[in-house]
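Visitor: Here it is: the structure, laid out below.
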Amino acid sequence: MIRIQKVVLHHLSLKLKTPFESSLETVTDRESIIVEAEDQRGVVGYGEVVAFSSPWYTEETIQTCYHLLKDFLIPLVFGNSFEHPSEVQKVFKRLKRNQMAKSAIEGAIWDIYAKKQETSLALQLGGSRKEIDAGVVVGISNQKTMLNQIETYLADGYKRIKIKIKPSQDLSIVREIRKHFPNLPLMADANSSYKLTDINRLKELDQYNLLMIEQPLAADDIVDHRLLQSQIETPICLDESIVTFEDAKKAIELGSCKVINIKPGRVGGLTESIKIHDYCMDHAIPVWVGGMLESGVSRAHNIALASLENFSIPGDLSASTRYWEEDIILPEVEVRNGKIKVPIDMPGIGFGLNEQAIKKFTTKIDQFNK
Ligand SMILES: O=C(O)CCC(=O)c1ccccc1C(=O)O
Ligand SMILES: [Mg+2]
């Protein structure tokens with residue numbers, strides 16, 4: 001039984017090595033909240049709030065997550081006990097949405113649970129892979145920079161490259177990349193920057209053999225995506241549109257996508273992620289783990305999740321050094337021959353916290369006791 005007695009929120013401000021540009025926003029400073037939860041036996045687990053400082057990707061922000069954690073979720077966790085982490089989302093259910101806030105504390109409880117079972121989080125989630133394929137994302141910038149980055153990442157061994165696109169920079173960059181790397185496993189993420197009226201542009205992308213196009217249309221749409229999917233060969237992958245298991249079910253039933261990107265933060269936690277994973281597997285929809293420019297804590301959860309069977313496409317899972325001069329976990333995430341080792345012989349998330357690094361990046365600490 002898990003009875004949470006104490007929660008510490010570590011507010012961090014991390015600096016990305018270089019600004020990351022998508023069709024919606026350029027991220028330079030990455031705020032984050034690390035949730036440290038402790039149970040009645042003193043077992044400690046970690047989770048991470050992956051919301052951004054402003055609501056450009058989904059409606060949540062670091063501040064809305066802080067509010068939810070402080071005023072609703074932490075009190076609910078203190079008021080309940082858990083045989084298994086899958087019960088956490090039931091306790092949270094009467095609070096609408098706020099998936100990233102919920103996911104952060106649920107993730108910490110999953111970590112505690114796995115540690116108490118003296119097994120890895122990957123194993124507890126039902127994962128079977130010992131290593132996973134690494135993928136990396138190239139943000140929007142000029143063509144030369146993007147091409148250089150791709151070359152560097154391929155030399156580093158990455159198996160799959162995702163680029164960010166927008167209507168004013170799509171065909172030209174894809175054409176250029178294909179000229180240099182005709183067989184590269186390549187995909188493009190539009191972060192909902194197109195409209196159905198852009199359908200001819202999107203149809204033109206069809207000729208470049210992309211693995212998929214991610215979230216071309218509106219963040220809250222699954223109907224227009226259905227029409228678009230019926231008109232293009234390239235598989236559509238939904239990201240922003242899938243915030244719950246029900247969303248995934250509806251999108252698949254409608255035929256709005258052929259692939260889904262699962263981010264625990266976006267869907268309210270690991271329990272919901274597994275549910276979506278399992279449903280997609282039954283319906284022959286491959287899934288991959290998406291990234292949030294996160295620190296190593298959320299990355300550790302993502303690696304564990306990616307060890308499940310139907311995560312058959314390399315995710316946005318790159319090395320710590322992709323975004324950080326210094327990550328906040330030990331050891332840092334490493335990519336060797338395009339693979340990341342799943343720490344299956346370690347209890348819980350399988351990475352320790354780098355206390356010194358955390359201290360350096362901390363802007364505020366809150367402690368809550370039951
Ligand atoms: O490398 C990463 O962490 C993922 C980069 C990425 O594509 C992304 C980063 C921030 C917010 C949304 C997205 C996305 O997948 O749409
Ligand atoms: Mg995306």
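A Cβ is built for glycine as well, from the same backbone N, Cα and C atoms used for every other residue.
Please treat TrEMBL annotations as automatic predictions, because they have not gone through curation.
OK, TrEMBL features for this one:
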ACT_SITE  LYS164  active site, proton donor
ACT_SITE  LYS263  active site, proton acceptor
BINDING   ASP189, GLU214, ASP239  Mg(2+) binding site
DOMAIN    143-235  domain 'Mandelate racemase/muconate lactonizing enzyme C-terminal'
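Let's see these features in context: how buried, what's close, how far.
Guide: Taking the Cβ of LYS164 (active site, proton donor) as centre and 10 Å as the limit, one finds 24 other Cβ atoms among all the protein chains shown.
For LYS263 (active site, proton acceptor), the number of other Cβ atoms no farther than 10 Å from its own Cβ, over all displayed protein chains, is 28.
In three-state terms derived from DSSP, ASP239 (Mg(2+) binding site) belongs to neither a helical nor a strand segment and is classed as coil. Long-range C-beta contacts of ASP239 (Mg(2+) binding site), restricted to its own chain and to partners at least six residues apart, with a cutoff below 8 Å, comprise ASP189, ASN191, GLU214, GLN215, ASN261, LYS263, ARG266, GLY290.
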Visitor: Given the recorded positions LYS164, ASP189, GLU214, ASP239, LYS263, return the subset with CB under 6 A from an atom of ligand 2, ordered by sequence, or none if empty.
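Guide: Cβ under 6 Å from ligand 2: ASP189, GLU214, ASP239.
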Visitor: Tell me the Cβ neighbour count for ASP189 (Mg(2+) binding site), meaning other Cβ atoms within 10 Å of its Cβ, over all protein chains shown.
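Guide: Taking all protein chains shown, ASP189 (Mg(2+) binding site) has 26 Cβ neighbours within 10 Å.
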Visitor: Which are the residues of the chain, ASP189, GLU214, ASP239 excluded, whose CB is within 8 A of where the CB atoms of the Mg(2+) site average out, their centroid?
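Guide: Checked against the 8 Å cutoff, the neighbours are LYS162, MET187, ALA188, ALA190, ASN191, ILE213, GLN215, CYS237, LEU238, GLU240, ASN261, GLY290.
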Visitor: Should we count any of the recorded positions ASP189, ASP239, LYS263 as near ligand 1, judged by a CB under 6 A from one of its atoms, and which?
Guide: ASP189, ASP239
Visitor: Let's check the environment of GLU214 (Mg(2+) binding site): how many other CB atoms sit within 10 Å of its CB?
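Guide: That number is 27.
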